[in-house]
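Peer 1: Sharing a structure, written as structure tokens. Questions coming.
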Amino acid sequence: MSADKSPYQIEPYKTVGAHRDLIHCVSFDPHGRRMATCASDMTMAIWDRQPDGNWRRSAHWKCHGGAVWRVIWAHPEFGQIVASCSYDRTIVIWEEQIVRTEKDLKCKESQWIRRTIISDNRSDVTDICFSPRHLGLSLASCNVLGAVRIYEAPDVVDASRWNLIHELQAFHTRCGCVTWSLSRMHRPLIAVGSDEKKAGGKERVVIYENIDGLRKWQRIHSLVFDMPCPITDLKFSPISMVDSHQLAIASGDVHVFNIKVPRTAILEEDGVDNPIHLADYSFQRVALLGDQRKAWRIRYNLIGSVITSTSLDGTLRSWKSLFVNQWVKLSEMNVDDYVPTADEVHKIVEAKTTERLPSQLDKVYF
């Protein structure tokens with residue numbers, strides 16, 4: 001690295017192209033070595049990072065009967081599993097399997113197998129989120145009717161069986177995003193956001209607490225967030241303090257909140273949740289990260305020290321936490337900053353016009 005180059009300077013990799021329509025979601029696996037993308041062309045693509053930093057597409061197939069809104073990775077502890085949700089009102093669980101080719105038994109190739117279709121939603125599924133691994137293989141989803149549904153795989157080695165274990169009515173308007181808290185020290189929380197423009201400011205974020213003694217999720221009424229704009233995304237920090245969570249919310253700008261955890265919500269050393277009453281939480285907004293009121297998606301890094309947002313104007317902004325509740329802008333990059341070479345443009349156009357996609361909608365492998 002040259003002396004005049006900032007250690008935090010962002011340099012884009014080569015353009016990757018696979019979809020014929022608008023890309024709705026880009027998701028990295030927990031190790032950052034694999035990437036999944038989905039788009040309005042009803043397809044999903046899997047990418048593997050190469051040693052030189054470029055991305056090689058390893059799979060691309062038609063996965064739904066409508067536009068695909070989200071694709072997410074489960075923790076690698078459960079295998080190479082991704083989930084996708086779509087405008088066709090379904091959630092599909094996919095699992096990668098390594099098989100031997102028929103021509104050469106020594107040669108191996110990967111195949112993505114459709115394990116199951118969850119089709120009990122009565123409306124479009126807008127977001128999905130896997131639970132942290134210490135809670136097992138569970139999945140939360142939300143839909144346009146304001147409902148949150150939680151599914152669980154009773155056997156973590158069998159991704160083909162999922163049971164609906166909870167259904168929560170978060171809003172009477174559209175749900176747009178859902179996320180889990182990641183702390184092992186506290187009772188699990190689920191935060192839900194509404195991107196409905198007609199919703200009131202105090203009716204855009206709802207947080208539920210899991211009380212193990214009652215085996216149910218209960219709404220925390222003491223947490224009422226008055227947000228100025230529809231909620232397009234929200235995420236808990238992967239690192240929690242002993243007595244607090246940190247929650248980032250994209251509502252025009254990026255709002256960062258500290259949620260104070262009462263002693264009754266802190267789990268015992270053996271992980272047992274003894275009290276059965278609802279804990280009394282409190283919160284404080286500790287930072288407002290300006291994004292020209294266009295924040296769309298937000299993510300934390302692995303240690304919770306950097307927040308990155310993507311905006312409606314095609315700009316990616318990152319902020320770094322320097323001290324307690326102090327954030328400074330780390331970088332800003334626009335899609336127009338990268339100009340693909342003629343060779344890259346030719347490869348993308350060629351792939352879009354000549355490629356035939358394998359469809360897995362008519363076949364299920366077990």
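The backbone N, Cα and C atoms fix where each Cβ goes, glycine too.
Take a look at what Swiss-Prot says about it:
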REPEAT    18-57  repeat 'WD 1'
REPEAT    63-104  repeat 'WD 2'
REPEAT    111-152  repeat 'WD 3'
REPEAT    161-209  repeat 'WD 4'
REPEAT    226-267  repeat 'WD 5'
REPEAT    290-329  repeat 'WD 6'
Peer 1: List, by number or range, the same-chain residues at least 6 past the repeat 'WD 3' (111-152) whose CB is under 8 A from its CB atoms?
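Peer 2: Sequence-remote neighbours of the repeat 'WD 3' (111-152) are 46, 59, 61, 63, 69-70, 72-75, 77-78, 81-87, 89-97, 99, 159-182, 184, 188, 190, 192, 194, 208, 217, 360, 363-366.
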Peer 1: Write out how many residues of the repeat 'WD 6' (290-329) are helix, how many strand and how many coil, based on DSSP.
Peer 2: 0 helix, 25 strand, 15 coil
Peer 1: Within the repeat 'WD 2' (63-104), count helix residues (DSSP H, G, I), strand residues (E, B) and coil residues, in that order.
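Peer 2: So the counts come to 3 helix, 22 strand, 17 coil.
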